[in-house]
Every structure is written in structure tokens, then in C-alpha cells.
Amino acid sequence: MTDILVINGPNLNLLGLRQPEVYGRTTLAEVEAMCVETGKDLGATVTCLQSNHEGVLIDAIHASRGTRDGIVLNAGAFTHTSIALMDAIASAEVPVVELHLSNIHARETFRHKSWIAPVAVGQICGFGPAGYALALRALIGHLETRT
Ligand code: DHK
């Protein structure tokens, strides 16, 4: 069965509470439950991880090498700062779909830059929590084209 890791980065543990006008009122627990359900519908096992620590995210990406089929990654603000995350993705050789709840391109200029985008299969942003299901579908569709 297809095995996918959904990774949420810094501050996303506060989903539902944090700036709801930007990120909505859906909690991280609800997002993760929806990811697991979407995975079941698509014949995939989905495991979810959230951390506020860059090294934990890097370790999870490394651990996915050869053990997971793909990753959906919302790296939060590390998206815009972390060459280390970019290098981890490039080194892990696991397909990654980049995901953001908000449309980062319609926000502050510093959010327009993504270090994840050059090493991702693609990017989904601006669709709120529904973006996670879109990202899972996109990733699974991508994996099917490779088999
Ligand atoms: C989440 C964050 O925490 C921000 O730092 C990013 C992203 C956008 C999101 O939209 O999911 O800039």
C-alpha cells in the first residue's frame, strides 16, 4: 500500500486558533484526521507529523528515504528560510508536494520565496485545509505515473 507522510512545520500546531482570518478555524487534529480519511479513500496509508523544530523535520525527511513513497510538506515559515530543508528533500529522493493553506504569492513579499519549490514535485497553496486532500491526490497521481 502507498505510504505517505504528511509533515506540518512550525506554528501549525496552533491551527484553528492562530490568525483564523488567514489560516481558518480547522484544527491540526481535524486536518490530520481528514488526511488519514483521504488516504483511505485513495488506497494509501497516511502518517502525520508536526514539529516546530527544523532538525526534527529534517530527520523525518531523511527517515523517509527508502521507507515512504511520498511526502506532503507544509514547512510553515521554514519554507522561506531553510536551505537545510531543501537539501534534505534533495538528498532523500522521496517525492514531495509542497503545501500551504494560504496563497503565499498573494501575501508579503518575503513569503513569495520558497526554498522547497525547486525540489518539490509541485506546489499547492491558497485552498485552506482542502489543500491537504488536493496535495494527497496530486502526490498519489504522480506516484502512479511512475509505476
Ligand atoms: C504557514 C505558515 O506558517 C507561514 O509561515 C507560511 C503557511 C504560509 C501556510 O499558508 O500554510 O508563510
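Every residue, even glycine, has its Cβ placed from backbone N, Cα and C.
In sequence order, Asn11 make up the list of same-chain residues 6 or more apart from Arg18 (site 'Transition state stabilizer') whose Cβ falls under 8 Å from its Cβ. Mapped onto three states, the DSSP output places Arg18 (site 'Transition state stabilizer') in coil. Residues or ranges marked as site 'Transition state stabilizer' in TrEMBL: Arg18.
The active site, proton acceptor annotation in TrEMBL covers Tyr23. Counted within 10 Å of its Cβ, the other Cβ atoms near Tyr23 (active site, proton acceptor) come to 19, all protein chains included. DSSP assigns Tyr23 (active site, proton acceptor) to a helical segment in the three-state reduction.
Residues annotated as substrate binding site in TrEMBL: Asn74, His80, Asp87, Leu101, Ser102, Arg111. Cβ neighbour count for Asp87 (substrate binding site): 14 (other Cβ atoms within 10 Å of its Cβ, all protein chains included).
All protein chains included, His100 (active site, proton donor) registers 25 other Cβ atoms within 10 Å of its own Cβ. Annotation comment: TrEMBL describes His100 as active site, proton donor.
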Close in space, distant in sequence - His80 (substrate binding site), Cβ under 8 Å, 6 or more apart: Phe110, Arg111, Lys113, Ser114, Trp115
Cβ neighbours of Arg111 (substrate binding site) where a neighbour is any other Cβ within 10 Å: 17
Least surrounded among the binding-site residues, given as Asn74, Leu101, Ser102, when other CB atoms within 10 Å are counted: Ser102
Rounded to the nearest Å - Cα separation of Leu101 (substrate binding site) and Tyr23 (active site, proton acceptor): 6
